[in-house]
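First comes the structure, then the notes that go with it.
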Amino acid sequence: MNLSVSENEVTSEHRNAPPETRLYKKRWIIVFLFSSYSLCNSYQWIQYGIINNIFMRFYGVDSFTIDWMSMIYMLTYIPLIFPVSWLLDKKGLRVIALVAAALNCTGTWIKVASARPDLFPVTFLGQFTCSVAQVFILGMPSRIASVWFGSEEVSTLGIAIGFLVPPILVPNVDDLDELAAHIRVMFYITAGVATFLFVLVVFVFQERPEIPPTHAQAAARRISPESYSYTASILRLLRNKAFILLVITYGEYLTLFSTRHHWNPCEVNAGRIGLTIVIAGMVGSLICGIWLDRSKTYKQTTLAVYLMSLVGLVLYAFTLDLGHLWVVFITAGTLGFFMTGYLPLGFEFAVELTYPESEGTSSGLLNCSAQVFGIIFTICQGKIMDSFNTLAGNLFLCAFLLIGTIITGAYYSILVFLSIVHFECLASFLVMIMLLGKYCILKFM
């Protein structure tokens, strides 16, 4: 009898004991591998735009066509983020990582075959393939963070390399045969790196550790996938007025990333200015993330960064054509510090506003907003710059950044107003933005 009681107590204690957790050293390999092919992909986003005058002359196309080599990254993200997020929920990290690395590798080899002046459609196909890979890549960070350990954001390093490397590998020479050789070398280097990373993903990338890293992840493993509705989660987020306001201001803000490649025609200086923006931004992102973790002042910090970015952009716009390069580097660094620093603020604020929804879903909607605004503003700014000058294009961005700053400052007042009016008014505003984006695409393609 006593033995039976003892066995029951042991069984009960075993059932009620917290699940075993463990942190594996392999998590660093997983993050490094993800970061590497994310870097390889984000580098390609900017590789055409940073030396657009060279590619315009080589392929015989206009500036707007080269702009589409970066805007295609935004356009493909908008329709594909939802099915890719669903696929991530259903099939897991390894499948998504394999598809992302395979698409990125395929796109780079297509570009290798396009290093001839008459093969622009081929190089565009390669860039389109890489842009599809980007959709799979951007959906992974939050899942890697929860499945393996804390989040690591390093894809901005790829953009930094995208600013620095193309002007070095592809100098602005007059002879088209020599230029083709330089472009081919750049494409071969990218393809070689992408192929090596694809092989590593095939043999090294693991779906998840055998033992979960946290109790929350252990509990998540016991939840049946059928009990979670991705569609219902999206609908709840779209009915969250506070989150929709953030989606609008975040999308407006992130257009700075999409349009910042319009600089002075000196390719090397343009690359160095871009590199300065990204490096300063990495520092700003780190500092803002640490400050937010300690202070939890989401709205106040977001407003401060938004306002300082507006000031930085105004200074940058008015000093760009003064002829003093050191001034441009200082203003560009100031702009980059606050501009990239907003990234962790936006995601953290979204998690705060939408808990307990999946942060992967909320970050997907934020990124989708950034792509929509990015396409609209890139097209509009390009047309303004062609019709007027660079200053007018940058002031166009300043105007909308000012609107975003006002919305952020009056955030809670606007929420009170929206609690009075019908929610359909806000939804209609978003639909109008989508239609404007569609009009811009059809009008200027």
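Note that Cβ sites are derived from N, Cα and C of the backbone, with glycine treated the same way.
Heads up, TrEMBL stuff is auto-annotated, nobody curated it.
Remember, predicted model here, so these are calculated numbers, not experimental data.
Feature annotations, reproduced from TrEMBL:
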TRANSMEM  28-46  transmembrane segment
TRANSMEM  66-88  transmembrane segment
TRANSMEM  95-113  transmembrane segment
TRANSMEM  119-138  transmembrane segment
TRANSMEM  145-165  transmembrane segment
TRANSMEM  185-205  transmembrane segment
TRANSMEM  242-259  transmembrane segment
TRANSMEM  271-291  transmembrane segment
TRANSMEM  303-319  transmembrane segment
TRANSMEM  325-345  transmembrane segment
TRANSMEM  391-414  transmembrane segment
TRANSMEM  420-441  transmembrane segment
Among the ranges 28-46, 119-138, 303-319, 325-345, the one whose Cβ pairs under 8 Å to the transmembrane segment (185-205) are most numerous: 28-46
In contact by Cβ distance (the transmembrane segment (119-138), the transmembrane segment (303-319); 3 or more pairs under 8 Å): no
Residues from the same chain, set at least six apart from the ends of the transmembrane segment (95-113), whose C-beta lies under 8 A from its own: 34, 37, 40-41, 44, 84, 87-88, 119, 122-123, 125-130, 132-133, 136-137, 139-140, 184, 187-188, 190-191, 194-195, 197-198, 201-202, 205
